[in-house]
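If you check TrEMBL, you get these features:
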- 9-374: domain 'Major facilitator superfamily (MFS) profile' (DOMAIN)
- 44-62: transmembrane segment (TRANSMEM)
- 74-95: transmembrane segment (TRANSMEM)
- 101-119: transmembrane segment (TRANSMEM)
- 131-151: transmembrane segment (TRANSMEM)
- 163-183: transmembrane segment (TRANSMEM)
- 195-214: transmembrane segment (TRANSMEM)
- 220-241: transmembrane segment (TRANSMEM)
- 261-282: transmembrane segment (TRANSMEM)
- 288-310: transmembrane segment (TRANSMEM)
- 322-342: transmembrane segment (TRANSMEM)
Amino acid sequence: MSDQRRRVITVALMLSNVMSGLDNTIINTALPRIIADLHGIEYTGWLVAIFLLGTAVSTPLWSKLGERRGNKLAYQLAAACFLLGALLQGCAQQMSFLLTFRLLAGIGNGGMVSLPYIIYSDLYPNAHKRLKVLGMVSAFFTTATILGPLFGGWIVDALSWRWVFYINIPVALISIVLIQIFFLDEKKDRPARRVDLGGAICLSFGVVALLLGTQLVGSASLATALLIFAAALIFSGLLVIIERRAEDPIIPGRLFKNIPLVVDFTLFVLIWAAMSAYSVYAPMWAEGLMATTALVGGMTQIPGAFTDMLGSLSVEKMRRRWSAYQVMLATCWLLAAGYLAMAVAPRYFPYWGILLAGMLQGWGHGVIVQPASG
């Protein structure tokens, strides 16, 4: 394969990072307008959670499809799924339809965030060159994450919230076309193992039941909430049974025998949950309580994106003086202080206070992810 062809394929795959990075942040600035237009403020969290659910469950399934039918076809199908989801989200007239199409986009996103890394390993057998490319990929994603809130705020103010979804359509089309023209997928003799559909189904229903039960606490009867939590527990039990028997489980049981890894996973979940909560509700706070524009509301995400980078770059220097445990413990206390301030903040909390909390959560994410994975 020529270097020119390899570079074009790399750019096409990097566009998936742009789309994923934009979608992760651009929608947060549009949430207040979406809720005002389609109503259903109780489903605010679902707009984020259902996208992540589709991504999490579909990611291993896309890799299996790549093994069976080739990574080129798998990636194009994933990008097409994301494209269709973006188009339908922009056309949605009801919150229920928007949630359904958001799930569809999340399923496509699962392939777009995983398959490129498999393809990179084939395009760049040399580890040194591959690391350079992965560094560029990370830079693309970070740039899209930073520009997403600004771009999204401008789009919502100038056009409509629907365009935060439409904007991904031409990007996805360009990526699909470039891959079709320049990527010659080489067939490899890989043993095709049975896809763990049972595990994926149980995981999906279990997580949905858990989210739904949590959503209904305080708004529905105790019996209803307990019944849904019981369903989540049943699906979790079935998942354990299925995964023990699966040839290639979606969640390998051996992972849970590694206690440090379990601790890392737990820490990641808590940090991501807190960061997602801030990303969703900070723009709503600014736009709803402070009557700012969507652009100014989206700017609440910018300080955290920069401190995230600074935090990750500072980890190596901090670990020369302190252990990973000390770094994580101090950062967790710092995060707790920032979120506690947001939790007890009065209704007219100053805008700079929201920005400061964003800086703390960004720094915490950047610092903790590095030591926990090191």
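Positions of Cβ are set from backbone N, Cα and C atoms, glycine also.
Listed as Cβ neighbours of the transmembrane segment (195-214) (distance under 8 Å, sequence separation of 6 or more from its ends, same chain) are residues 45-46, 49, 53, 56-58, 60-61, 64, 225, 228-229, 231-232, 235-236, 238-239, 242-243, 246-251.
At the 8 Å Cβ threshold, with sequence separation of at least 6, the transmembrane segment (101-119) comes into contact with the transmembrane segment (44-62) through 3 or more pairs.
Panel annotation: around the transmembrane segment (322-342), residues 267, 271, 274, 278, 315, 349, 353-354, 356-357, 360-361, 363-364, 367-368, 371-372, 374 of the same chain, lying at least six beyond its termini, place a Cβ under 8 Å from a Cβ of the stretch. For the transmembrane segment (288-310), the residues of the chain that approach it from at least six positions outside its boundaries are 25, 28-30, 32-33, 142, 145-146, 148-150, 152-154, 156-157, 275, 278-279, 282, 347-349, 351, 354-356, 358-363, 365-366, judged by C-beta separation under 8 angstroms. Residues of the same chain lying 6 or more positions beyond the ends of the transmembrane segment (74-95) and with a Cβ under 8 Å from any Cβ of it are 13, 16, 19, 38-40, 43, 62-63, 65-66, 101-112, 115-116, 119, 162-163, 165-166, 168-169, 172-173, 175-176, 179-180. Sequence-distant contacts of the transmembrane segment (261-282) (same chain, six or more residues past either end, CB-CB distance under 8 Å): 25, 28, 31, 44-45, 48, 52, 255, 297, 300-301, 304, 328, 335, 339, 342, 354, 357-358, 361-362, 364-365, 368-369, 372-373.
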